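Colleague: Pasting a structure below so you can have a look.
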Amino acid sequence: MTSDFPVLDPSWTAQEEMALLEAVMDCGFGNWQDVANQMCTKTKEECEKHYMKHFINNPLFASTLLNLKQAEEAKTADTAIPFHSTDDPPRPTFDSLLSRDMAGYMPARADFIEEFDNYAEWDLRDIDFVEDDSDILHALKMAVVDIYHSRLKERQRRKKIIRDHGLINLRKFQLMERRYPKEVQDLYETMRRFARIVGPVEHDKFIESHALEFELRREIKRLQEYRTAGITNFCSARTYDHLKKTREEERLKRTMLSEVLQYIQDSSACQQWLRRQADIDSGLSPSVPMASNSGRRSAPPLNLTGLPGTEKLNEKEKELCQMVRLVPGAYLEYKSALLNECNKQGGLRLAQARALIKIDVNKTRKIYDFLIREGYITKA
């Protein structure tokens, strides 16, 4: 087959249309002279005029993009997880881990073991309407019944929010949260309290719009970095990213080398450090303990210079990472996990912390005690 037939303009062949799109992708939008040089068959003005007319301001393409956007919105409109009583959810045994995850929900009854405002009925247990009640006493009893009715309405409202937003299926809800970047997850956690005001679809659209804004800002920042470096086309950008990655790897190697030199004076400690690094590189948890104080030197504090995430730590956290020999990025991840679990449970035990953080138990104890001492978390 040949590609010398016109598609959008009688003076432009299909092959030239494809060449134009490839040139704009390689040279960048607006670099019309470079685009014309790469095409060789059209001038700068012809390339710009044709691209703006047929690919930017073309009403046919605009309506097609609008239809695609509407179809995409229709496809992703119902992103909430409804959890109706007619479903067949798991039926865990009483007081099991899954039962606690589901907040004591009883699927067979579509009810909870312990309701919101669980003792609201106690105010009615001694009320008895008799014929010889005075008007004031009768009005007082009716006011108590009205208050109880309003508390029942609040109980039903909260059940509806939980059901509509799919909050009973907690694990599935948490998996949905984790699909977002860390910054959007923090926003999700902050804006969760407003979910009761809007419906599940509107709330998810709000979060999705902020996730899109975050992606756009990150892309704009990346393009601005290219411009600052003097890059004007995507071919050079790919080379720049490759060189930047190479420089970052070299910097990490120099940091690792400086850490090795701290152990070089003690051959046994050096061998242990190398074995630990080999375990870490292979994805295993370090199996060789560091030198203890009994007969051998203890490991020196970790050098945090140049490690990612150091700038996010305060002085006490830096001292903790140095003594525990924990890189800042891992510490921040463990801290976030413990804070989230503490906020959900209203407190945190050491055993729960050890179940969340799969590292050395002594390090977990030091991190746990530090967060308790600094007031980040509370004991259960």
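Including glycine, each Cβ sits where the backbone N, Cα and C put it.
Automated prediction, rather than curation, is the source of TrEMBL annotations.
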Colleague: Region 'Disordered' per TrEMBL sits at which of 76-101, 154-179, 284-309?
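Modeller: When 76-101, 154-179, 284-309 are checked in TrEMBL, region 'Disordered' belongs to 284-309.
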Colleague: How many of the residues that make up the domain 'Myb-like' (11-55) does DSSP mark as helix, as strand and as coil?
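Modeller: Final tally across the stretch: 34 helix, 1 strand, 10 coil.
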Colleague: State the non-local partners of the domain 'Myb-like' (11-55) in its own chain: residues 6+ outside its ends, Cβ under 8 Å from one of its Cβ atoms.
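Modeller: Those are 3-5, 61, 232-235, in sequence order.
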Colleague: Of the residues in the domain 'SWIRM' (293-380), how many are helix, strand and coil by DSSP?
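Modeller: Counts, helix then strand then coil: 51 helix, 2 strand, 35 coil.
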Colleague: Restricting attention to the domain 'SWIRM' (293-380), give the mean pLDDT.
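Modeller: So the average pLDDT across the domain 'SWIRM' (293-380) works out to 82.
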